[in-house]
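Peer 1: Below: one structure in structure tokens.
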Amino acid sequence: MHIVCKVALVSCMFLLFKDVDASAVLWNQQYDKTVCNQEGEFCSKSGVDCCAGLSCRKYNLMGYGVCAAQTCSEEGTFCSLSDSDCCSGLKCKRRGHGYGECSK
């Protein structure tokens, strides 16, 4: 059920409102725990889809990354020129239009 909810959120919400018995409430509580992406799962650059304590790191060219506990981007990972989050001692060096790579 978790996969169905992540792919088809509208259908998932419809099922919750359609069934109001105890099993629907229990299922809703289980669903709430899977709304955020766990460490190692894909995320968007905004990072709002990562679970608490995680942030979106290691972006690719499309602006997607992986949820991780680290607070900065390591050497060799993509970074935004306008909002660089490279680790200490690294700079975001331009590699294309609007993005770069963390390097020394």
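Using N, Cα and C of the backbone, Cβ positions are placed for all residues, glycine too.
Straight out of Swiss-Prot:
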- Cys36-Cys51: disulfide bond (DISULFID)
- Cys43-Cys56: disulfide bond (DISULFID)
- Cys50-Cys67: disulfide bond (DISULFID)
- Cys72-Cys87: disulfide bond (DISULFID)
- Cys79-Cys92: disulfide bond (DISULFID)
- Cys86-Cys102: disulfide bond (DISULFID)
- 36-102: region '2 X approximate repeats with cysteine pattern C-C-CC-C-C' (REGION)
- 36-67: repeat 'Domain 1' (REPEAT)
- 72-102: repeat 'Domain 2' (REPEAT)
- 1-22: signal peptide (SIGNAL)
Peer 1: Starting from Cys72 (disulfide bond), work out which of the disulfide-bonded residues listed here (Cys36, Cys43, Cys50, Cys86) have their Cα within 10 Å, and give them in sequence order.
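Peer 2: Of everything listed, what lies within 10 Å of Cys72 (disulfide bond) (Cα to Cα) is Cys86.
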Peer 1: If you measure Cys56 (disulfide bond) to Cys67 (disulfide bond) at Cα, how many Å is it?
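Peer 2: Rounded to the nearest whole number, the Cα-Cα distance is 5 Å.
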Peer 1: Tally every other Cβ atom lying within 10 Å of the Cβ atom of Cys79 (disulfide bond).
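Peer 2: Counting Cβ neighbours of Cys79 (disulfide bond) within 10 Å gives 25.
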Peer 1: So how many of the residues in the region '2 X approximate repeats with cysteine pattern C-C-CC-C-C' (36-102) end up helix, strand or coil by DSSP?
Peer 2: 0 helix, 29 strand, 38 coil
Peer 1: Just the number: how many Å between the Cα atoms of Cys102 (disulfide bond) and Cys79 (disulfide bond)?
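Peer 2: If we compare the Cα positions of Cys102 (disulfide bond) and Cys79 (disulfide bond), the gap is 6 Å.
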